[in-house]
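A.B. asks: Okay, here's the structure, questions in a sec.
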Amino acid sequence: MSSDQASTATGPLAPSNPQTKEDTALWSLKHVQVLWSWAAKPSKPTYPPISSIPPTPASRLLEADAVPATGEPFPTEPILTKNAHHEPAKSNTVLYLAYGSNMCAKTFLGMRGIRPLSQLNVSAPSLDLTFDLPGLPYREPCFANTALRKLPEPPKLPPKVPELPDPPKLPPYSLDHPSSDEKSKPQKWNKGLIGVVYEVTPQDYAKIITTEGGGANYHDILVPCLPLPASIGVPEKPDIPVPPRPFLARTLYAPRLPDIPDKPPSSQDDDDSSPEPKPSPPSWLQKLLLPVRRPHPNYAQPSPRYLGLLVTGAAEHDLPPDYQSYLQSLQPYTPTTTLQRIGQVFFLGFWAPFFITVMLGGRMFGDEKGKAPRWVVVVTTVMFNFVWGSYDYIAKPIFGEGERTIEREEKLGERETGWWGCWRSGNREKGTEEEKRVFLA
């Protein structure tokens, strides 16, 4: 073909590319799908999985920091570490009991950067899991804590000749099949605290103390623990079953302090000869310098983010299924009104700089054990008191509930909280009265 024919073939009358518009659109769609899948693909974690941590050997649970000294009885209740008779520093590692977000690998191994030497699932019968440690209203209302468990009384012995029980009364069909509201109620747990004991280095334990507030909220205590058996399985060489042997592990505990009376108690024996008592600071100043404690310890609900860390950590460590079911049944705090969502932005935007400053101060001035200096603890305590004081007296009347999920008025038939809810409910009542007059006219 000559050059003239070639130029003619490439002119405007030349045949077009055999690729159709449908093929081009399909290729573009596939290209967008590839780019979207690449962008939505989560990044690989930079921390090892929980399965890479070996189990704690039995010899470690017999060292000096895990058992009382010779001749001393084994404690049945938690004790402060500074009041312990033995020396925990004799061991090169620390046994740390995690029961909150530190059970999750994303928090403990990723965010905090801890590298445990071993791990063990345990039960702490002397403690109960609670959510009474105040956080930030509307965003993180509370965090996990522990409380001394009230042990039930031992069961009474049955009579020598037990009587035959009465036949059971079958409930009606509606009660036999509970509604969705009854199924959504949180389950009850009365089997003590379930958690994970990590074996960590003293340096990592100091890092744990620092990231948990530097001693501003928690106290270091020794807790009696019992190892939990592994999941049900059929090993190749089954071991001879032996009863679990208790041991001591460290954990963090925030005690609930009693309320301070507004007026000091007056003594009935007012003798002139008795020396005058030393003047005490006013009650408002004492409350300002003490950790925040809400009036109802079981009222607040954890955020979905925080509760999700507990559920994920329990699944990663394969904790007992009934305990995992209990954690999954807990109701997180969820804002249900527009004002509550505005309160989230308000509180996070206003108090976030103060939180960041206090956290940086605790990490910069903390000692080798991870504890912050006294002035940082005082500043943190005062700041939290101002946070919850501003919530009780300013934010809650305006934005509504910031600790616990409340249903919408359309579902429960109740008034909305805050001045906006009162105004809306008032207008609805006026509209209802006007509609009645129109229909009755």
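A Cβ is built for glycine as well, from the same backbone N, Cα and C atoms used for every other residue.
Automated prediction, rather than curation, is the source of TrEMBL annotations.
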A.B. asks: For the substrate site, TrEMBL lists Y96, L97, A98, Y99, G100, S101; sort out which one of Y218, Y253, Y299, Y306 goes with them.
C.D. replies: Y306
A.B. asks: Cβ under 8 Å to the transmembrane segment (372-391), counting only same-chain residues 6 or more beyond its ends: which ones?
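C.D. replies: Distal contacts: 134, 136-137, 210, 213-216, 287-292, 294, 347, 351, 354-355, 358, 361-362, 365-366, 402.
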A.B. asks: Please work out the number of neighbouring Cβ atoms within 10 Å of the Cβ of G100 (substrate binding site), leaving out its own Cβ.
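C.D. replies: So the Cβ neighbour count for G100 (substrate binding site) comes to 24.
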A.B. asks: Non-local Cβ contacts of E212 (active site, proton acceptor) (under 8 Å, 6 or more apart, same chain)?
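C.D. replies: E212 (active site, proton acceptor) has long-range Cβ partners Y218, L252.
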